[in-house]
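Trainee: Just passing along the structure, written as structure tokens.
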Amino acid sequence: MRISLACLAALCALPAGVMAQDASVHDKPAVRGSIIANLLQDHDNPFLLYPYESNYLLYTWTSDLNKEAIRSYDWAENARKDEVKFQLSLAFPLWRGILGDNSLLGASYTQKSWWQLSNSKESAPFRETNYEPQLFLGFATDYQFAGWTLRDIEMGYNHDSNGRSDPTSRSWNRLYARLMAQNGNWLVEVKPWYVVGSTDDNPDITKYMGYYRLKVGYQLGEAILSAQGQYNWNTGYGGAELGVSYPITKHVRAYTQIYSGYGESLIDYNFNQTRVGVGLMLNDLF
């Protein structure tokens with residue numbers, strides 16, 4: 001489906017210079033579910049943008065709100081458990097064919113926000129926003145083993161922060177790899193990482209976030225079922241997200257999401273909660 005600028009504006013307010021009016025978004029992959037194969041498709045429009053992670057908008061409710069982490073905000077005690085959660089995730093190919101026809105140097109930007117929209121008493125503040133740019137080298141492959149086809153190999157640098165100052169600043173930097181394989185209607189992706197640089201704002205983040213993310217997807221008719229999570233086997237801490245989406249128009253899907261555990265956001269990396277959300281999605285795993 002093609003993501004219109006109007007939809008993106010509804011998800012997140014970005015500087016007009018970044019999202020120029022003649023920019024368009026391409027999200028019809030050459031290989032179903034393959035981010036790299038999608039980015040390798042060549043088009044004449046230099047402002048063409050591609051989806052990276054899923055793009056969605058949800059109304060959510062959480063079992064417990066982490067007021068302790070935001071106690072420095074003057075509205076913390078009045079923070080509400082219901083929030084609008086949305087994710088904007090786009091990618092751009094910087095250099096196709098950098099190491100052969102099926103390779104590219106690319107960049108992506110993912111932003112996830114938790115918005116206290118119903119909290120009119122406190123002027124509807126954003127409780128948390130996570131900014132996640134990446135620079136990566138990607139390869140589209142067709143290696144086969146035991147019925148599975150390895151589609152994506154990606155290696156890169158990831159920065160993830162909430163853009164806050166002390167005492168609510170949270171950030172970490174990682175070197176990562178991403179491998180995605182398919183078998184029929186199944187998709188499996190693993191993304192291990194290695195933390196680099198300072199983690200002074202959150203020195204124990206790997207205790208709760210671990211060293212990898214595992215994602216599994218299955219297409220059942222027109223519905224897409226997804227599960228993803230991170231886990232530290234040494235500490236027993238982690239978090240998981242379950243999702244179901246179904247098309248309601250050509251370009252929009254109904255989406256239900258459940259997150260349970262630690263690390264839904266950076267400010268909540270060491271906080272355990274369960275969040276349920278319903279809303280709309282522009283692109284899923286397939």
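Cβ coordinates are placed from backbone N, Cα and C, and glycine is handled just like the others.
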Trainee: Pick from 23-31, 203-211, 239-247: which range does Swiss-Prot record as transmembrane segment?
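Mentor: It is 239-247 that Swiss-Prot describes as transmembrane segment.
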Trainee: Determine from Swiss-Prot whether Asn202 and Ile70 lie on identical sides of the membrane.
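Mentor: Asn202 and Ile70, as annotated in Swiss-Prot, occupy the same side of the membrane (identical topological domain).
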Trainee: In Swiss-Prot, which of the ranges 33-42, 253-262 has the transmembrane segment annotation?
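Mentor: It is 253-262 that Swiss-Prot describes as transmembrane segment.
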Trainee: Taking the Cβ of Arg164 (Ca(2+) 2 binding site) as the reference point, list residues of the same chain whose Cβ is under 8 angstroms away and which are at least six residues distant in sequence.
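Mentor: Listed in sequence order, they are Arg170, Ile267.
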Trainee: Give the helix, strand or coil assignment DSSP yields for Ser169 (Ca(2+) 2 binding site).
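Mentor: Note: Ser169 (Ca(2+) 2 binding site) is coil by DSSP, not helix or strand.
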Trainee: Among 82-96, 126-145, 186-195, 214-220, 223-231, which stretch has the highest count of C-beta pairs below 8 Å with the transmembrane segment (239-247)?
Mentor: 223-231
